[in-house]
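The domain 'Photolyase/cryptochrome alpha/beta' annotation in TrEMBL covers 23-161. Look at TrEMBL and you will find 275, 276, 277, 278, 279, 316, 317, 318, 319, 320, 321, 322, 323 tagged as FAD binding site.
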């Protein structure tokens, strides 16, 4: 299945709405670690003499923390960090094939970015819109600078199928709290009738980066982590190339796609998992959810009968957008305290039991096997996830 060119979706623009030809652009990668269906990257290249593709290693997420609950940082496990680094290596490889390269710097993202905007004389800053509160605050800080400096910003919504703000506005200013109401409000994506934009075949060159230190993708050891033995690593390698390979493999079996029905599936299928295992690629934006959506639509049009949302594969993408929308419109969504839609539960805190659950020492073989897989692979089947989550939160762990 091939991508084809189409007009870009409606942009989110700030500052100068028009730019003279010959400007310098900075493409700020956060999620969206791909070159296919990347409206921000395409816009950065348009009318620019130089384009600086940049990723900032953020200590907030990637600084090693020996006191963390599991190997990694306070906010990311080692599997996730390695997956991200592999995705960056692949992104750099794909950029080099079209005449560019990825610049990787380390530090507070806002500080690093503002310094780059100044030193590289950037006229146009492009980045994918991010719904997370951390990035919303970061973006506000950056926009304050760009507004004063007269730098154009282009920040399109392309991580999700829909713009969460549009859905919330349609619902009277609050996010819909049921899947059915979300689907009814969302309807069909406005871009769905035309193929999403193709991966570019060429990008303007990267200009001089001045006196910055090594700007290559660091290794896991260079970040301060101890690497694991090969047999302890996740079999799921990060990157756009692997994401598209896995997608092609999945959709080539039209019968499997058309009959997919969650929650059915074998959680003990390891050599060939019972799902696409595309969730981490969607999370980091190695795979465009919009391209995935259109691929599934094409399969459905080619068969006589197929499952439907909420249980179909298409339905799973809609579930993803539903939760992004609820999270975006709910303050403190990631915690219980001061979360208006979360039940306030008087949890029993017992570190010994919690560590037993984490370290696969509960004495329940099924639960412990899942936790061993999670530790090694960083991924488990959704039914396995439900099992260990319910075991932790519904009383079985305490009962043991």
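Cβ from N, Cα, C; glycine included.
Sequence features annotated in TrEMBL and their locations in the structure.
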{"residue": "275", "record": "FAD binding site", "Cβ contacts under 8 Å, 6 or more apart": "265, 381, 382"}
{"residue": "277", "record": "FAD binding site", "Cβ contacts under 8 Å, 6 or more apart": "236, 246, 379"}
{"residue": "279", "record": "FAD binding site", "Cβ contacts under 8 Å, 6 or more apart": "379"}
{"residue": "317", "record": "FAD binding site", "Cβ contacts under 8 Å, 6 or more apart": "161, 289, 292, 293, 296"}
{"residue": "319", "record": "FAD binding site", "Cβ contacts under 8 Å, 6 or more apart": "179, 310"}
{"residue": "321", "record": "FAD binding site", "Cβ contacts under 8 Å, 6 or more apart": "160, 161, 162, 164, 182, 186, 289"}
{"residue": "323", "record": "FAD binding site", "Cβ contacts under 8 Å, 6 or more apart": "none"}
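On the 0 to 100 pLDDT scale, the model's mean across the domain 'Photolyase/cryptochrome alpha/beta' (23-161) is 95. Secondary structure by DSSP for the domain 'Photolyase/cryptochrome alpha/beta' (23-161): 58 helix, 29 strand, 52 coil.
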